[in-house]
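Copied over from TrEMBL, here are the features:
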DOMAIN    50-85  domain 'EF-hand'
DOMAIN    86-121  domain 'EF-hand'
DOMAIN    140-175  domain 'EF-hand'
Amino acid sequence: MLCCRGSTNKYSRLDAKLEKKMVEVKRGSLGHSNFKSIDSIIMRFPQFREELKKIRGVFEQYDEDSNGTIDLEELKKCLQKLQLHLTVEEIEDLFHSCDMDGSEGIQFNEFIVLLCLIYLLKEPSSSHNTSKIDSPQLEATFDTVIEVFSFLDKNGDGKLNKTDMVKALNEAYPLEKSPAHVTRTRFKEMDWSKRGKVSFREFLFAFIDWVGIDTDEEMSPIRSSSN
């Protein structure tokens with residue numbers, strides 16, 4: 001089966017929503033960020049890794065046939081149990097947008113992306129309940145991941161381009177510029193559609209790879225020049 005990463009039309013509706021939302025996030029932050037450099041992000045990787053690994057328990061619970069993927073029906077049951085009330089169309093849209101290999105099943109890393117996208121796009125159920133998902137720790141982790149994207153989005157247009165990456169990689173160490181091939185490699189890892197711009201959805205997949213949820217090793221792949 002052909003990989004869906006190069007298909008732009010399939011994801012355009014969702015990515016347009018994400019782009020609009022990230023512009024709102026950037027404007028709402030008023031330029032404030034807890035991150036001052038790429039290194040300050042890398043230092044948080046172990047924390048990201050441990051928090052994201054906690055989602056595996058939820059994933060395995062709803063992978064009813066234990067085949068390592070969650071199919072569409074399993075996902076509907078999962079979101080209902082988590083009290084994430086979405087329309088059938090929204091669930092199917094998210095499912096196919098996160099099923100990046102077209103296998104008709106959501107793998108663990110795709111499940112993390114899917115939950116984060118729901119968190120970003122979903123409005124609180126009421127003005128008295130500002131929680132979007134029933135996990136304060138997970139909400140805090142997703143908020144921080146969103147902040148990482150916002151830090152990288154230097155011009156605030158809700159997507160990343162190569163210029164954004166160059167600025168982010170080099171601004172903390174003006175006298176120690178990252179090699180051009182490092183910037184190209186990191187950007188290529190995100191820009192699956194080869195459009196020269198990266199949506200929040202594409203960024204999430206690359207970020208999870210960088211954090212390394214399937215390894216306990218200390219890694220700093222963003223600045224590494226070994227690739």
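Just so you know, the numbers here start at 1 and follow the chain as drawn.
Each residue, glycine too, has its Cβ placed from N, Cα and C.
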Mean of the pLDDT scores, which run from 0 to 100, over the domain 'EF-hand' (140-175): 83
For the domain 'EF-hand' (140-175), the number of residues DSSP places in helix, strand and coil: 22 helix, 1 strand, 13 coil
Residues in the domain 'EF-hand' (86-121) grouped by DSSP into helix, strand and remaining coil: 25 helix, 1 strand, 10 coil
Tally of DSSP helical, extended and coil residues in the domain 'EF-hand' (50-85): 21 helix, 1 strand, 14 coil
